[in-house]
Amino acid sequence: MDKEIVIVLDFGGQYNQLIARRVRECNVYCEVLPYDTSLERIKEINPKGIIFTGGPASVYAEDAPACDKGIFELGIPVLGICYGSQLMTYSLGGKVSKAPLREYGKTEITVKNESKLFADVKDTSICWMSHTDYIEQLPEGFTVSAYSASCPVAALEKPSQNLYGVQFHPEVVHTQEGTKMLRNFLYNVCECSGDWKMDSFTEQSIKALREKIGDKKVLCALSGGVDSSVAAVMISKAVGKQLTCIFVDHGLLRKDEGDEVEKIFTEQFDVNFVRVNAQQRFYDKLAGVAEPEEKRKIIGEEFIRVFEEEAKKIGVVDYLVQGTIYPDVIESGLGKSAVIKSHHNVGGLPDYVDFKEIIEPLRDLFKDEVRRAGLEIGIPEKLVFRQPFPGPGLAIRIIGEVTEEKVKILQEADYIYREEIANAGLDRSIGQYFAALTNMRSVGVMGDERTYDYAVALRAVTTTDFMTAEAADLPWEVLGKVSSRIVNEVKHINRVLYDCTGKPPATIEFE
Ligand SMILES: Nc1ncnc2c1ncn2[C@@H]1O[C@H](COP(=O)(O)OP(=O)(O)OP(=O)(O)O)[C@@H](O)[C@H]1O
Ligand SMILES: O=c1[nH]c(=O)c2[nH+]cn([C@@H]3O[C@H](COP(=O)(O)O)[C@@H](O)[C@H]3O)c2[nH]1
Ligand SMILES: NC(=O)CC[C@H](N)C(=O)O
Ligand SMILES: [Mg+2]
């Protein structure tokens, strides 16, 4: 008997691996394949179901990625998600156009429960949208199975042929009943039996790392954050003291962070640890640069140059380990996916890197999975649940040019914000929170004097995997206290703003 498998065809969406992950969580084995996988190959694989991902293109545009129409004739159930549902519509003779009203983020849909896809789903359900196009006309034989206030076709189906489409994203956690819908597709439509079980990720990876690295030396780019700490501990379990961890203080860290990371890793971990003070060289390289992608690429390159220099001091080092995780990869633009931002450790890497290979043991995982792995290998909870801090640091939280003075201003404001969030007992319930220095100056009045100073923006989001996020509903009392402390205590800030946007349409960081 063939192994049961569902395939996900990748049209360049942001959430492709998330779809695969959800399917696996439903105990069905799943793989992501390129959108142009041939019909022959698909027949060979003989999947129980096919899922089309979202994607940045418009189906009616020239060169838009499309699939072989024969897919719809195979008798294999298909679920199109967002771009995928638009493609199904367009390929089968329906009409897709620019939507009069675009939808991004939280949206309420009304569903028809008689649809197999929506069995046991509430009549109205919150889901996450991210689209500019919409389905204007259904293909023949299809009916509407869900709608929202601004989207007449939030879901469509032709059950006789097992074809289903949804305009929203059931795979993201913010779609409240999304997993139920995917499960319905897998079990009610594809009739999967659910015979697949996940292996222990850490055990397998440590074994594979030991085989790969052998007796060679390895550097780990360690930030003190969750991802690189998990990567470092896994490598250390695999090859012990062949590993040296390099922590770069680029002068863009949060207040006191450099010293705190050094203390933790020298006192609590048994690893070779090197702190490199590279503040001035990063400031010099960033002087006069305002464009976000350019800033990211400068930082990405400078990181690598520092690692190369440190490697030379140790001798022959073959491997560089980074704690790259899946969102870093997808947002940097993979395959047909759009470049959202070049994460310093992926899209921001220079063309030439003087290591035999970069190893990224966590490349396919999402943040919450990394955290689970961290707990499994015994990393202290405090570190595992530390909120993420991006490699380019405050440079992408200072809009426009970075200067040492702006870094100091932001460090102080951010410190106060974090302190008050902790005082209010909110630090574990918010996914990520920080202050950003806008490049905007505005007029204020302090002590009867006119001021013309910077506005700082506060950001707080709830999220589990950092792929989608909602602005956190912070108590006004806390915001008021933070605001008054920041303007009173931090020179050159006279205004405090709160960012209420979710992701999408915004991203978590400002640049
Ligand atoms: N200051 C730094 N020094 C050395 N390496 C770094 C530094 N900042 C980031 N890196 C490297 O870049 C990778 C990506 O950074 P990122 O911030 O996404 O992960 P992290 O810092 O390990 O975890 P977290 O997301 O919790 O902050 C890190 O895993 C690490 O390998
Ligand atoms: O190491 C990193 N290098 C980067 O270049 C980078 N950019 C964003 N982030 C972090 O990724 C998560 C998603 O962020 P965005 O919604 O802003 O894309 C959030 O947790 C961000 O803090 C980065 N991490
Ligand atoms: N998220 C998506 O798949 C978007 C599909 C298409 N690009 C749109 O804007 O409607
Ligand atoms: Mg970090």
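Cβ coordinates come from backbone N, Cα and C, glycine included.
TrEMBL annotations: computationally assigned, not manually curated.
Remember, it's a predicted structure, so these values are computed and weren't measured experimentally.
So that you can see what the record holds, here are the features copied from TrEMBL:
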{"type": "ACT_SITE", "residues": "C82", "note": "active site, nucleophile"}
{"type": "ACT_SITE", "residues": "H169", "note": "active site"}
{"type": "ACT_SITE", "residues": "E171", "note": "active site"}
{"type": "BINDING", "residues": "S223, G224, G225, V226, D227, S228, S229", "note": "ATP binding site"}
Practice task
Please classify the secondary structure at D227 (ATP binding site) using three-state DSSP.
Solution key: helix
Problem - 8 Å Cβ shell about S223, G224, G225, V226, D227, S228, S229 centroid, ATP site members excluded - result: L222, V230, A231, A232, G323, R386
Handout entry: Pairwise Cα distance for E171 (active site)/S229 (ATP binding site) [Å, integer]
Key = 28
Fill in the blank from the handout: CB neighbours within 10 A of V226 (ATP binding site), counting all protein chains shown, number 24
Exercise for the section: Could you tell me which three-state DSSP class C82 (active site, nucleophile) falls into? Expected result: coil
Handout entry: Close-lying recorded positions around ligand 4 among H169, S223, G224, G225, D227, where CB distance stays under 6 Å
Key = S223, G225
Fill in the blank from the handout: Taking all protein chains shown into account, the Cβ-based neighbour count within 10 Å for E171 (active site) is 29
Fill in the blank from the handout: Note: among binding-site residues S228, S229, least Cβ-dense neighbourhood at 10 Å is S228
Completion exercise
Within 10 angstroms of the C-beta of D227 (ATP binding site), the count of other C-beta atoms across all shown chains comes to 26
Problem - C82 (active site, nucleophile) CB neighbourhood, other CB atoms within 10 A - result: 26
Completion exercise
Taking C82, H169, E171, G224 as the recorded positions, the residues having C-beta under 6 A from ligand 1 are none
Handout entry: Candidate with sparsest Cβ neighbourhood (10 Å radius) among G224, G225, the listed binding-site residues
Key = G225
Exercise for the section: Tell me the Cβ contacts of H169 (active site) under 8 Å, same chain only and six or more apart in sequence, or just say none. Expected result: Y15, G54, I81, C82, C127, W128, M129, S130, T175, G178, T468
